[in-house]
C-alpha cells in the first residue's frame, strides 16, 4: 500500500485547511524510517518523499500578516510562543503522521510545495524588510527542499525583493521545470556555482539555504560541500565586525542531523530557521535569533492523537514566531521609507481637503483605526500630556472627538483651550499634525452622537468617572451590570451631563511623507491674509 502512495508523494512542508491550523512534513519508507525534507545522497532525483502537515490546536488568532512590503509587512505583530510549550517531532512520529495525511487527504505535491515556499517567504518578509535586505540568493538542492526554495524565491520577488537562484543539480521532473520557467519569466537570474563570488557577503543580503531537508544523510558531495562551507565561513565576517548576509535555513539547516542537530559543531549557523509544519528535534539546538514556524493545516483528530502542541497562527498569517524575539539595539532601529514624493504643486490648496484625501487613502489601505489620533494638551502649569482618541468628525469647522468633561484632558482644555492632534498612518509612511484652538461642541451635537453609539458604549460612558481612581475592575463591572439591567427594556439611555464633544479649529497643519535617507517631505499650511481674504500658505520644511 505504501509503495503506491510514495510514488505520488513528496517531501514537503506546508499546507492549510483552516484558519487556525498548522502543518508538518514527513516521509515514510517501508524499510527505513527517515526524515523527508530533502534527498538521499545516492538518490538525488529518485527519492520517494512525502509531505505531512499538522494543525495546531484551535485558538483565538491575533493580527493578520500582510505580505505587501509597502504595507509594512506586517501588520507585523507576530505572536511569540514559548518554545517549551511546542511539540518537536521525532522521525517515527513524523513518518506516521505523514502516512496518515498523504493517504486519505489527497494533497498534491505541487500544492504542498507552493504553500511551503510561501510560508518561507512570509517568514523572511516578517523578519527582514526588503528596504534593508533586498538582495537574496536562494541556494537550492535537487530535492523538495530545493523546490521550496524556488517557490520562496518567486514569492520574494513579488514581495519586493531582488532574488537570484543557484540551482546546480536540477531535477528534470515537470514540477521543478515549471518552477524554473516561472522564475525565468520574472527575469530572476540563475547563477552557476562558478558564477558565485567566493565572498557571498559582497553581493547578497539574505542567503536562503534550501539544499538539504530531513531525508539527507551522509557527507555532502560537490558542489554542495563547497556551498555549505561558504555559508559556514561567513561566521568569520561576524568576528571581524564586517557586515555579513543573514542565512535562512528551510526546515533543517543543510547537513544537520534531523534529531541531533549540528553534531560536529562545524556546520551552518543560520540566523533564521523556518520550521515547516512542526519543528523537528534538531530545532532545539538552533541558537539563532529568528525561529519561525511556517505552514498551517492538519485536522484536530491528528493533533489529538499525537498530542500535538502547536501555536495558533495570527489571523491569516502563514507564519508564527517561536521563542523570544532577538535582542534589539534600539539605537540601530531605523526604517528607510520608500514613498512617492509629496510636492507642493500636487497637494490641495485647502488643508482640510488634503487631509480628507489622505484619510480616504488610509481607509482604502485597510489600515487599522485610521481615525486614531494622538491628542496633546497642557494645563495652566504648562505640563503637556498626550493620549490616543478617535476622530469622530471633520469638516471646514474643524476636527471633532468625544470624551468625559471631567477627565484630565478636559481640565487641561478648560485651563488652556489649545491642543495639537497627530495622525500616523504607518502603512502609508504618512503623518499629519494639526494645531489649533478648542471648544466644546453644542449639547445637541453631543446628544445626537451619544445616541448613535452602541448601547454598551453609552452605559460605559455613564459608569466611567474618567481619570479618577477606582478600587478595582470588579467595581466597574458591577456598576455596568446594574445599569445594563436598568435599561434592559430598551428605554432611552440619558446622556450624562459630564460627557460630550470637542472641536479643534485648525490654525496650523503639517503633512509628512517618509522618504529615503531621512529626506522626508514636510509641507506646512499656515493661515495668511491676502487682499482681506484668509488663505492658506504652503511652505516646505526641512526634514
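Quick reminder: no glycine exception, Cβ is built from N, Cα and C everywhere.
Annotated domain 'YjeF N-terminal' per TrEMBL: 94-310, in sequence order. Residues or ranges marked as (6S)-NADPHX binding site in TrEMBL: 144, 145, 146, 147, 148, 213, 214, 215, 216, 217, 218, 219, 251. According to TrEMBL, the feature K(+) binding site maps to 145, 209, 254.
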**Message:** Can you give me the Cα-Cα distance between residue 218 ((6S)-NADPHX binding site) and residue 145 (K(+) binding site) in Å, rounded to a whole number?
**Reply:** 17
**Prompt:** Just counting, how many other CB atoms are there within 10 A of the CB of residue 145 (K(+) binding site)?
**Reply:** 34
**Prompt:** Just counting, how many other CB atoms are there within 10 A of the CB of residue 148 ((6S)-NADPHX binding site)?
**Reply:** 39
**Complete:** Minimal Cβ count within 10 Å, across the binding-site residues 146, 218, points to 218
**Prompt:** What's the most sparsely packed of the binding-site residues 209, 251, counting other C-beta atoms within 10 A?
**Reply:** 209
**Asked** 10 Å Cβ neighbour count around residue 216 ((6S)-NADPHX binding site)?
**Response** 27
**From 144, 146, 148, 216: binding-site residues whose CA lies within 10 A of residue 254 (K(+) binding site)** = 216
**Request:** Average the pLDDT scores across the domain 'YjeF N-terminal' (94-310) and report the rounded value.
**Result:** 89
